[in-house]
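Let me begin by presenting the structure, written as structure tokens, before commenting on it.
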Amino acid sequence: MESGRTTLLKEQQLKDQFDNLEKHTQSGIEFVERYTKFVKERSEIEINYAKQIRNLSKKYQPKKNSKEEEENKYTSCRAFLSTLNELNDYAGQHEVIAENLTSQIITELLRYLTELKAERKSHFHDGRKAQQHIECSWKQLESSKRRFERDCKEADRAQQYFERMDADINVTKADVEKARQQAQMRHQMAADSKSEYSNFLTKFNQEQNEHYYTLIPNIFQKLQEMEERRIERVGVSMKTYAEVDREVLPIVGKCLDGMTKAAESIEPKTDSKQVVESYKSGFEPPGDVEFEDYGPGQSMKRTVSETSLSNSRGEAKERPSGGKSKGKLWPFIKNKNKSPKQNKEPLSNRFNEFMASKPKMTCLRSLRRGLSLKLITLNSHVRNLIEGSGPEDFSHLPPEQRRKKLQAKIDDLNKDIQKEMDQKDALTKMKGVYEKNPQMGDPASVDPRIVEMAMNIEKLQSEVQKFEGWLAEVEGRLPSKSDPPRRQSGLYETQNSNSSTVANNCAQDRESPDGSYTEEQSSETQVKVAVANTPEFDDEFDDGDEETLPTIGTCKAIYQFEGHNEGTISVTEGELLYVIEEDKGDGWTRVRRNEEEEGYVPTSYVEVFLETNAKGAMTYI
């Protein structure tokens with residue numbers, strides 16, 4: 001009995017230990033899950049921080065075509081821009097931290113947690129199975145023991161009954177023999193139960209020894225190793241957590257060094273020189289104020305020096321409109337009293353003179369073409385004035401700023417000329433190759449492009465000469481008059497001369513008679529009035545009075561043309577149109593899309609195919 005109680009106590013203690021281990025290992029798994037959640041939240045914080053840093057850097061980046069982009073010429077602004085770029089790289093390192101935390105810790109721990117839970121479940125399943133097996137063996141032993149005890153008691157009772165029957169003289173011999181056989185059978189059953197009980201006992205002892213000395217220790221050992229691996233894995237993850245931050249420190253240090261270097265590159269004197277160069281006007285300082293004598297016999301009329309500051313204020317109202325004025329825009333002084341201007345006719349009168357300056361044409365069709373091209377040129381100029389782009393010669397700027405703008409324009413045109421010349425040289429070489437090797441291509445196919453480039457170069461060179469003349473005027477030199485002759489039709493020359501007249505008149509409206517800068521900006525209003533008050537162009541020539549022009553060929557658009565100006569027509573690349581009037585040397589070709597849509601397009605934008613009966617099957621681009 002004492003041995004049975006000890007066994008039961010051990011089983012109960014073993015069961016309690018399994019419950020304790022199960023709670024402890026579950027707590028360890030929950031700790032790993034908690035740590036994984038901590039790293040995941042840290043990664044999200046790094047991503048959000050990097051995103052906010054990038055947005056901050058983007059927010060303060062200079063906008064295109066804005067004042068901030070213009071200020072980048074100062075060293076302080078460039079240093080700030082470098083700081084923003086380094087800050088953007090700094091944000092990238094925080095994104096690297098988030099990526100490494102996710103790939104090296106979170107993903108690995110989640111996979112390890114799945115394996116850990118499966119391993120823990122397997123070990124506790126083996127422990128419960130071993131415990132159930134030993135409990136089953138114990139029950140079998142107890143059952144055989146109770147059977148043996150019962151059989152022994154039955155054998156003793158059968159033996160006592162036999163002895164009592166054998167001693168009784170009144171019992172027959174048959175009853176005595178029957179009692180003797182019953183006693184022998186009971187003794188045999190008791191012997192069998194004893195043998196069975198002995199076998200179960202031996203088996204149970206072996207299984208019990210194996211259970212307590214082999215199976216359970218192995219299971220506990222596996223659980224211990226599992227727990228140690230879990231703790232070690234957490235330690236490795238914590239070390240990796242620190243290493244992830246340490247890996248980006250060199251690059252973060254370089255970003256901070258870049259910010260420091262950018263700050264050290266700021267040069268106050270250079271910035272101040274940039275301000276001087278940007279706002280340098282080129283005006284000369286005013287002369288000395290003349291002495292005004294109010295003594296006896298002297299005239300009371302004031303005689304102010306033409307170079308004094310008060311000239312634009314005192315005598316602007318007294319001078320006749322045809323006189324000269326020296327009113328200039330001095331630093332820190334707003335030229336409220338503008339210098340007197342020359343008598344100007346309304347822009348509408350100039351517009352009428354401009355339209356009337358065209359020589360009479362013998363054909364109504366030619367007259368309409370000339371008027372349309374004039375309107376195209378004038379509308380382009382009007383749009384520039386309305387949009388505030390300023391005169392082409394930059395006459396609205398102070399002398400020094402005007403000189404810089406003209407020089408920059410000349411440099412850009414020279415670059416364009418060099419580019420066109422390089423392309424022309426390349427095409428010339430290609431033509432030479434085609435001439436030597438006709439199988440590679442037709443040399444004549446390159447000629448139209450070479451001619452077009454030559455015309456472009458000639459046009460750019462004339463533009464350079466024009467801007468160089470204005471630059472020489474600003475610098476006090478005489479402009480060069482040796483312009484190369486160009487093939488121009490009478491219509492195109494008249495057109496250019498009239499356009500130049502309008503442009504120069506508009507430019508003169510913004511300056512005083514001596515060429516000084518003023519703040520007059522009434523050109524836009526006068527242009528609008530001039531255009532609004534000229535309805536005669538819509539009524540003078542009615543479309544109903546003119547017969548429909550015949551088609552003389554076809555053309556294919558090789559470039560897209562918007563056609564914003566009046567008299568033009570918009571075309572898309574690859575569109576096929578009908579040619580109703582060829583280029584007269586002015587660079588425009590009249591085309592028709594359908595019965596109602598027709599207008600002018602640049603000749604260089606289309607590939608023209610004239611009919612045989614019109615121009616002898618001539619084709620040009």
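Positions of Cβ are set from backbone N, Cα and C atoms, glycine also.
Taken from TrEMBL, the feature domain 'F-BAR' applies to 1-271.
Under the heading region 'Disordered', TrEMBL lists 283-349 (among others).
According to TrEMBL, the feature compositional bias 'Polar residues' maps to 300-313 (among others).
What TrEMBL lists as domain 'REM-1' is 396-473.
Counting same-chain residues at least six beyond the ends of the coiled coil (403-430), those with a Cβ under 8 angstroms from any Cβ of the stretch are 282, 393-394, 397, 441, 446, 449-450, 453-454, 456-457, 460-461, 463-464, 467-468, 470-471, 474-475. Sequence annotations record features per position, and here TrEMBL assigns coiled coil to 403-430.
If you look up TrEMBL, you'll see 477-486 marked as compositional bias 'Basic and acidic residues'.
Summarising the annotation, TrEMBL assigns region 'Disordered' to 477-527 (among others).
The compositional bias 'Polar residues' annotation in TrEMBL covers 491-507 (among others).
Feature annotation from TrEMBL assigns domain 'SH3' to 550-611. Mapped onto DSSP helix, strand and coil, the domain 'SH3' (550-611) counts 3 helix, 29 strand, 30 coil.
Restricting the average to the domain 'F-BAR' (1-271) gives a pLDDT of 88. The DSSP breakdown of the domain 'REM-1' (396-473) into helical (H, G, I), extended (E, B) and coil residues amounts to 71 helix, 0 strand, 7 coil.
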